[in-house]
C-alpha cells in the first residue's frame, strides 16, 4: 500500500471512494510511473522458454539481429553545429552532404530485388511462387510449366512496369531539380553552377520567382529596405508570404564584390527539424572591435521556398539531407484496408483447407509408396483454391473506383491520392474533424470592437469611421504635426492627468491605430498589362490564431513629432488577461463574444520612457546574441515589458460556416458516424460552432468537462460524467491529457458512448494521439478530415485521411488519401462511393474465390473416383483460359454493380450503418460461397462422369463447357443492377470460348462437340448446377428481402 500512501499526500482520497470507477484495484493503486512497469514485467515473465521460441520467438530474434545489422550499416553521421566562412567552402572543417535531391526508392542494382521483396512479403504471392517453383522438380510436375508461371509472371510484370514508370518519373523530376542553374559569386565574379554542385559556404544569388536551392543565411538584397518576401507554401503549406531581413552588416556594404573584401563567418546551430526557429551568430573579424550580430529565423532562407520580391544573396549553411525541407520529409505509413486484411485471413483459411484436403486424399490412398511426394502433388493440384487473380482483380477494381470518384460531377475537384483504400470509405464509424477552414470558411469578418464602456457592431462601423476622420482632421489642422499620424491624441494622453477620462474619439483612434500596427501586411506588386506604372495593392494578412502573439507586430513604435515610445501588443484573452491592468469587463465580454461564435483578440499598449527603451534594447540585443537557451532569454526580456499594460480594446471576428455544413453533419450522424471535433480554439468558440453547425443536435445536453490537473480531480469529474446519459462532451486538451495519463481506458469507453465530442485547445500531436486511441480501444475504422499543416499528423494516423484544399494551403490535401474542395462533398464520398467500393470489392473478392474453389472441388471429385490419382483434370491452356479470357471480363464487370441508386443512398443514410457491421464479407458469407462451390463442383463433375458414354475426353469437354456456362450464369445471378458493359462482357466471353473451341483439338473431340448429345448433356448439367440457386435467391428476395430492396421497391 506504499503507492496509495504516496498518492494520498498529493490528493485527498476521501472523495474518491464515493463512486469508484470500474477498474481493477491494482490499476488504481499504481501511479503513472508504475503503469508502464507493471505490464512489461508480466510480459517478461511470459516471454521465455522453448515454447516461446517455437511460437514465434525465432522470428523476433532473427528480426532483432537484422535490425542490429541494418543499424550498423546505416549508422547516421551525428549532426553538429558549424562555422561557415563567407565564400570559402574550402575552409569547412567537415565534409557536408551533396546538395542533390533524391526521391528515388531504388537504384539500378536494388530495383529488381526491392520490387520482388515488396511482392513476396504477402502470403498470397509467396505461396504462388513456391507452387510455381515446385514445377521444376520432375516428380512434382503436374501439367505444363506455363499454367503456373504465366499468371505469376503477368502479375509480376504489371507490378514491375508500374514501379519502373514511377521510378523513371521520380528520376526525371530529381534530375530537373538538380540541374537548375544558379549564379554563384566568386572572387572572379559570377559563375553559373548546378543546384547539385552547391556547397556549404558558397555565396548564391537567387532571382525573383526562383526556388532557393539550399538552406542559406540572407546577406544582401536588391530591395532598398534590406528585406524581401518569400513564399513558403511548398515547405509549410501556408499561402501567406513571409518577410525576411538581410544581415545588417553585409546589407550596408557599398557593393556586392565587397563581400569578398571582408573577413566574416556565420556560426549556425546543428541541423534540426523545426522550420520555425533558428539560432546563430554573424561575426565580422576585420574590424576593431569585431562586429557581432545575432541571427534568427527572419535571417534564414530555407530550401524549397521561392523568392517573391527582389534579388537575394545568401551564404549556404546546410545542403542536401541536412536542409530543413528534407529533414521534414516523412514517409507516411502504407495504409492497408480492412477488407484486404479480411481477405488475407480468408486466403489463409483456404490454404488450411487445401492442406487438409490433400492429407485426406493421401490418407484415403493409405499412405502407400512415396506418400510425402503425393501429398505435395495434391497441394499443387488444389492450388487453384487460392486464385492468383484475386490480387490483380482487386487492385484493378480499386483503380476503377478511384477513377469513378474523380469523374463524379457532383463532387468536382476530388482527387484520390491513395488508390489502395477506397473501400475504407464505406466502413467508417468515427469522423474526426478540424474546425477552422474545415467546418468554417477561414474567412474572418470584423464584427465587433469593444472599448469597455462602448461597443461597436457591424451596423455602427460608420461611427468608428467618422471618429477617425474627426481625429485626423484635428491633427492636420495643426501646422506643427503636418505629416505625423496621431500626434495630437498621443500628446493629449501624455499631458493629461491619469484621472481625466479620455474622449471616446481619442480612445477609438488609439485602438484603431494599435490594430493597424499590430498587423502583418504583405505588399504585392503587380504590373497590369498596358500600364507602365506599377500599382501597389496591400494584402492584409492578420494572424488570428489564438496562441500567436506576434512580437514583430508588438515592437515599440516611436512617434516622430513627440518622441513618445509606445509598445503595442495583441493576443488571445487567456494570454493577455494577466498582462493588462486590472479591469472588470474583459473576461465577461470575451465570454459574450465567444457565445456568439466570434473569435476574440485583446489589444493593449504601454508607454515607455527613453531610459526604459534603451535598457530594454540593450538587454534584448544581448539575449539575441547568446548561443545557449536563446529563445528562453529573449522571451524573459520581452516578458519584462509585458506588465501592467493599458487595455485598449477587444475585437471580435466571425469565421462563417462552410456551405451545407449543417445538412452534411446531420446526414453523417444519421448514418451512424460519430463525429469528434478537434480544434485549437478556445472552449466557448468551439462549443458555439458545435451548436451552430448542428454537430450537437438542438435537444442534446452538452457536458463541459471541468479543468482537471491531477488524478483525484480527474476521478471525480469522470464519475460526474458517467452519470450523464446521451450528452455531448466538451473537453480541453489539458484535461484530456490528465485523463489519458491515469484513466485512459475508462475515459475512451465513456467518450465513445457520446453522440459527439468536442476537444478544444488541441495540439497537432494530441489530434493524432486521439485517432490512435480510438483505433486501439474500439477497433473501428477512423477518418480524419482537415485543411491545414497542423492536421497532417491526424490525417496520416487515421485509417482514411481526407484533406480539404483551403486558405491554409495544400499541405493537408497533399498528405491525405483523398482530397476534396468542400466539406459537403464528404457526404456523397462516403454514402455513395464508400458504399459502392466496399460492396463491389466484397462481391468481387468472394466471386474470384468461388471461381477457384469450384474447379478445386471438381479436381477432388475426379481424383477420388480415379483411385486418388494426383493427375490434373484440365491441362495447359484450359486452366490459363479459365482464369483469364473465358471468365475474366464478366467477373471484373462486378465493379459496375450497385445495390442502391446514389439518390437513395443519400436520402436514407441509415443504410450506411449496415456496412460498418462488415456483413458483405464475413465468415458466414464466405461459408455460403464455399457450399455453393462444393455443390456446383460436385454436380458438374458427377454429371459429366454419369452422362459420358465412351471416351474420357468427352468428360473434359462436357464438364469444362458446363463450368464456363455456370460461371457466366453465376455472375448474372450475383449482379443487382445491370449495366450495358456487363451484358457485353458476358456475350464477349461466351463468344471467345465458342471461337476457341476450333483450336482446342488436343483437349476436345471436335466431332463430338458439334453433336446434339453434347449440347443436351451440357445444358442439363448447367441447369441442375444453377437453377436451385436462382430459386433460392428468388425465395430469399420474396420472404426476407434486404433493407435496401424494400426502399427501392
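Heads up, the Cβ atoms here are built off N, Cα and C, so glycines get one too.
Within the listed segments 315-334, 375-394, 395-414, TrEMBL records transmembrane segment for the stretch 375-394. Of the listed segments 820-841, 952-973, TrEMBL assigns transmembrane segment to 952-973. For residue 599 (ATP binding site) paired with residue 434 (active site, 4-aspartylphosphate intermediate), the C-alpha to C-alpha distance reads 16 Å.
Rounded to a whole number, the distance between the Cα atoms of residue 434 (active site, 4-aspartylphosphate intermediate) and residue 790 (ATP binding site) is 9 Å. Of all the recorded positions given, namely 434, 436, 680, 761, those whose Cα is no farther than the 10 Å limit from the Cα of residue 787 (Mg(2+) binding site) are 434, 436. The CA atom of residue 761 (ATP binding site) is located 12 Å away from the CA atom of residue 434 (active site, 4-aspartylphosphate intermediate). Of the residues the record lists as binding ATP, namely 434, 435, 436, 570, 599, 679, 680, 681, 761, 767, 790, 791, the two whose Cα atoms sit farthest apart are 27 Å from each other. Each of the binding-site residues 436, 790 was scored by the other Cβ atoms within 10 Å of its Cβ; the lowest score goes to 790.
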